[in-house]
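A.B. asks: I have a structure I would like to understand better, so I am pasting it below and will then ask my questions one at a time.
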Amino acid sequence: MKILSLHQIREADCFTIEHEPIASIDLMERASRAFVNWFCKSFETGDYKVKVFCGLGDNGGDGLAISRMLHPLGYDVEVYVVKYSSKESDNFNININRLKTQIEVNVIDDEQFTLSLNSGDIIIDALLGSGISRSIEGLLKTVVEQINKSEAMIISVDIPSGLLADKPNNQSDTIIKAFHTVSFQVPKLAFMLPQNAEFVGNWHIVDIGLHQTFINKAEVVFFYSTPQEVEKLIKPRAKFSHKGTYGHALLIAGSYGMMGAAILSARACMRSGVGKLTVHSISSGLPILQTVLPEAMYWEVLNDDKFLTTDFKIEDLNSRFQAVGVGPGIGVYEETGISLIKLCRLCKELVIPMVLDADALNIFASQFGDDFTNEIPENSILTPHPKEFRNLVNQSWNNDYEKLELLRKLAIQNKLIVCLKGANTAIALPNGTIHFNSSGNAGMATAGSGDVLTGIITALLAQGYSPDEAAILGVYMHGKAGDIAAEKFGMTSMIASDIIENIRF
Ligand SMILES: NC(=O)C1=CN([C@@H]2O[C@H](COP(=O)(O)OP(=O)(O)OC[C@H]3O[C@@H](n4cnc5c(N)ncnc54)[C@H](OP(=O)(O)O)[C@@H]3O)[C@@H](O)[C@H]2O)[C@@H](O)CC1
Ligand SMILES: [K+]
């Protein structure tokens, strides 16, 4: 699903009005109806009040139309218009006239006003929408602060009032802290970013019928990968296939005291459909690995008990492996760094797709400085968490938008696929697009979860998925498995092994 910029959302609005064609006020009516449908599905009528706070622009117009629609459905609706200016939008004016015959409108025009808000109330925030042009001040600020202080459930229409759709707010900005945000047609970039989580809450998209011709043609940088879109990538298994059809992966993982990382990534790799798996690890780890995962084959490090110092040769890899995953638990020893570089050079020469994770990334950051990318084959997949990413780019950022730009730059300049892990993992592709993942939960913030992801993506590469597909599908399936695990064990109790056991291709 495309994430349109604010400018494109406005263009889509105008295009729809002109080409459907539909009057602007009727499009507002349709958007408000879509919100109301979502609301009615989510909340039954009951012994509580729905307090709708409206601004003076089109977001306020939505709020008025929503109030008019909810009232006859049996909801106990109270409407508040915050009169922070003398200028109202045309659609606001039409809707206030339509509403006045039905419900009394309370006008807030004095900063001394104290709102009476109870914990059982539902607040609908229709103060400001995507049209904000400056920070919230004065009367509006007072109202937003009072709403935020209340214990009522806050539901924002389109976007939490005060939040900018696709650029950073000032840290001191006053912004509604919604529990739910019900947004029109497309998610806003702001919803993807950790810095806005406290404002956006749980977000939902409702279809308001903006013209598909415009949306299809729109060129965008950011995408939200919906389950329907991603699951389409899964290749069915052919009836007459054999294990050779699904590739042979090499996973390089583990070191003294870190064999768990190797086991987790290897198990996840096997569960993700790879035909054959060879795990390359330290010799003292071999009995553990073979006991825990008899399905895999092992290639032990010679003459070394503590860490990976293999002098990789072309014949070790040539015509044997379709994908190489390296990093989980390998440690950041200087000797391992030397091996890693040899491995990368060979994979580049033999064009074997790679996944680099965890300590492989830490080695690059600590031993190879800013030039680290010269050694990494093009189209390799990197899976850093934010701290590893910061070390890799050797830069910090002031906000999540700057972080995204650094991510894009890394992917474009070096032709890499970089999966920046977190809620809504951001996957940057060499073509400059960023794809936000839709699955997963906070229970996955647990040791070993990243090792599992490395195993999944390595398996997909070995099966012939393109690196772009392997990254997007792998991250999604990892999150989906995490969601199933969270249902069974709870977010707090689930562990990385539970994610593996719930991988379902
Ligand atoms: N996209 C779609 O297809 C559809 C969109 N729809 C709806 O329209 C909404 C966007 O509407 P909108 O442009 O009127 O924006 P909105 O925020 O309501 O008001 C802006 C007004 O407020 C003012 N203002 C700005 N900042 C301010 C501040 N900090 N403090 C105080 N005032 C401030 C600014 O005036 P200014 O003073 O800047 O001239 C302007 O007059 C969108 O979010 C959605 O809800 C649906 O109805 C139909 C389909
Ligand atoms: K709003």
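Placed from the backbone N, Cα and C atoms, the Cβ positions cover glycine too.
Automated prediction, rather than curation, is the source of TrEMBL annotations.
Feature list, courtesy of TrEMBL:
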BINDING   58-62, 129-135, Asp158, Ala261, Gly329, His385, Asp451  (6S)-NADPHX binding site
BINDING   Asn59, Asp125, Ser161  K(+) binding site
BINDING   Lys421, Gly422, Ala423, Asn424, Thr425, Gly450  AMP binding site
DOMAIN    9-216  domain 'YjeF N-terminal'
DOMAIN    226-505  domain 'YjeF C-terminal'
A.B. asks: Taking only the Cα atoms, work out how far Thr425 (AMP binding site) lies from Asp125 (K(+) binding site), in Å, as a whole number.
C.D. replies: 28
A.B. asks: Measuring Cα to Cα, how far is Asp58 ((6S)-NADPHX binding site) from Gly450 (AMP binding site) in Å?
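C.D. replies: If we compare the Cα positions of Asp58 ((6S)-NADPHX binding site) and Gly450 (AMP binding site), the gap is 44 Å.
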A.B. asks: Over the domain 'YjeF C-terminal' (226-505), what does the predicted model average in pLDDT?
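C.D. replies: Reported value for the domain 'YjeF C-terminal' (226-505) is a mean pLDDT of 96.
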A.B. asks: I need the least crowded one of these binding-site residues (Asp58, Asp125), counting other C-beta atoms within 10 angstroms of each C-beta.
C.D. replies: Asp58
A.B. asks: Tell me which binding-site residues (Ser130, Ser133, Asp158, Gly422, Ala423) have a Cβ under 6 A from ligand 1; sequence order is fine.
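C.D. replies: From Ser130, Ser133, Asp158, Gly422, Ala423, counting a Cβ under 6 Å from ligand 1 as near, the near ones are Ser130, Ser133, Asp158.
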A.B. asks: Taking each of Lys421, Ala423, Asn424 in turn, which of these binding-site residues have a Cα lying within 10 angstroms of the Cα of Asp158 ((6S)-NADPHX binding site)?
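C.D. replies: So far as Cα distances go, none of the binding-site residues lies within 10 Å of Asp158 ((6S)-NADPHX binding site).
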A.B. asks: Look up Gly450 (AMP binding site) in the DSSP assignment and report helix, strand or coil.
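C.D. replies: Note: Gly450 (AMP binding site) is helical by DSSP.
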A.B. asks: Measuring C-alpha to C-alpha, could you say which of the binding-site residues Asn59, Lys421, Gly450 are within 10 Å of Ser130 ((6S)-NADPHX binding site)?
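C.D. replies: If one measures from the Cα of Ser130 ((6S)-NADPHX binding site), the binding-site residues that come within 10 Å are Asn59.
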A.B. asks: Near ligand 2, which of the binding-site residues Asp58, Asn59, Ser133, Gly422 have CB less than 6 Å from any of its atoms?
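C.D. replies: Listed by sequence, the hits are Asn59.
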A.B. asks: Taking Cα atoms as reference points, which of the binding-site residues Asn59, Ser161, Lys421, Asn424 is nearest to His385 ((6S)-NADPHX binding site)?
C.D. replies: Lys421
A.B. asks: Could you say whether, by DSSP, Asp125 (K(+) binding site) belongs to a helix, a strand or a coil region?
C.D. replies: strand
A.B. asks: If I take the alpha carbons of Lys421 (AMP binding site) and Ser161 (K(+) binding site), what is the distance between them in whole Å?
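C.D. replies: Their Cα atoms are separated by 28 Å.
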A.B. asks: List the same-chain residues at least 6 positions away in sequence whose Cβ sits under 8 Å from the Cβ of Gly422 (AMP binding site), in sequence order, or say none.
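C.D. replies: The answer is Pro194, His385, Pro386.
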A.B. asks: Of the binding-site residues Asn59, Gly61, Asp125, Ser133, which one has its Cα closest to the Cα of Gly450 (AMP binding site)?
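C.D. replies: Ranked by Cα distance from Gly450 (AMP binding site), first place goes to Asp125.
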A.B. asks: What Cα-Cα separation, expressed in whole Å, is found between Asn424 (AMP binding site) and Ser133 ((6S)-NADPHX binding site)?
C.D. replies: 27
